[in-house]
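Engineer: This structure is in structure tokens; I'll ask about it shortly.
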Amino acid sequence: MSRLVIVSNRVPVPDKGGIAPAGGLAVALKVALEEQGGGIWMGWSGKSSGEDEPAPLAQLQQGNITYALTDLTDTDVEEYYHGFANRVLWPICHYRLDLAEYGRKEMAGYFRVNRFFAHRLAPLVKPDDVIWVHDYPLIPLAAELRQMGLENRIGFFLHIPWPPADVLFTMPVHEEIMRGLSHYDVVGFQTDHDLENFASCLRREGIGDALGGGRLSAYGRIFKGGVYAIGIETAAFAEFAKKASTNSTVKKARESIERRSLIIGVDRLDYSKGLTQRIEAFERFILANPAQRGRVTYLQITPKSRSEVPEYEAMQRTVAEQAGRVNGALGAVDWVPMRYINRSVGRRVLAGLYRLGKVGLVTPLRDGKNLVAKEYVAAQDPDDPGVLVLSRFAGAARELQGALLVNPYDIEGTANAMARSLSMPLEERQERWTTMMDQLLEHDVSRWCRDFLNDLTASSDRCG
């Protein structure tokens, strides 16, 4: 079996006990390495300095996984990560042209850091290694590795949406981005819609096309484009939730909710998540259903994210102020309608909180997949499952047929879905939950990993 080398922007470094920070992508990639019998996971350490040259690559061995960590300079972080990756690629891929900020310095920094990553990675790679690169910060990495002479099989998976041509082409370096993807042997997307958008971009620009059989051509190269819907550790997460009832934090939450119905939302603080629209919909739901006053609690867990980017800092203030306004307008001495937590919660505790939720609110304006939706479903009690209210613009909506799909821009429609969820008969809730749970058990994170790597190792057409 070929050794697997994973490259991602950040690497979740295990602590002394071997426990890595929890998160959807982190968990998925660790499972991928474990199922391949180990390998290398390389990426940014999260550390930076004002030095012109970062410290040498650090390697940490945990079991059969080698974590290869590189520092970056302060300039690198600002231009590559906070700059081009998160002020250009992220908003463009989430259809937010109004938030994209183009700068030549940031664009140059993005490609420079990818070249730096390639130079740090290349000495670690053996001829028969399979390299799996993840997400938008590292799109040009394969091109840099090919330039250095590496002929390994290299795959890329995009965790966020791929936009339509008319959106992508507003980006000055869109052709360089598409050229970068053509250097991979397999390019994976979350949904068929994303793959169709990518193929359309190739055609519209006159640089390639879909050849059939999952093959794409671009810049004289042939590579595979595929859809690989990322999953979760379904069975394990369900067990977390089942056992979490004895957790002290979960117990306190259950006691504080008392007999009220819990509506729960869990999202990073990001403008793509539709948080302001969701809070407005909750307010509309209470105003339209006065009998629910004092009988429902909305818990929104929203860890801080990318605070160095001005748009995120501004949004943090906006969401906190909106939550305060709703509580001030609707609350009573003995009832706080909305609880807003602006920090991370441990994964096992989160599983228990999901299980308490009668309604799971997952209403992003645009999302590649959204693993929170899948975790909420997996955490439910089969005898009394909650209802998932899911944005039609989340990639997960194409898989979770038992959810109540909503348009997050339709405030009244989302409010109505909350009301319907809380009044839904048990039999219908169980039927919807069973449909979704069966899907999640069949298409879990192991299946995602296996499908992608099987296609990558079977690929016969190399880039270069």
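Just so you know, glycine gets a Cβ as well, placed from its N, Cα and C.
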Engineer: Out of Arg3, Arg10, Arg204, which does Swiss-Prot tie to the same D-glucose 6-phosphate site as Tyr81, Asp135, Arg306?
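Structural biologist: For D-glucose 6-phosphate, Swiss-Prot names Tyr81, Asp135, Arg306; of Arg3, Arg10, Arg204, the listed one is Arg10.
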Engineer: Using the structure shown, find which entry in Asp135, Glu375 (the binding-site residues) has the sparsest Cβ neighbourhood within 10 Å.
Structural biologist: Asp135
Engineer: Starting from the Cβ centroid of Arg10, Tyr81, Asp135, Arg306, the recorded D-glucose 6-phosphate site, name every other residue in that chain with its Cβ within 8 Å, sequence order please.
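Structural biologist: Near the D-glucose 6-phosphate site, beyond Arg10, Tyr81, Asp135, Arg306, sit Asn9, Ala85, Asn86, Pro137.
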Engineer: If you measure every Cα to Cα distance among Arg10, Tyr81, Asp135, Arg306, the residues said to bind D-glucose 6-phosphate, what is the biggest one in Å?
Structural biologist: 16
Engineer: May I ask which of the recorded positions Trp90, Asp135, Arg306 is closest to Glu375 (UDP-alpha-D-glucose binding site) if we compare their C-alpha atoms?
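Structural biologist: Answer for the nearest of the recorded positions: Asp135.
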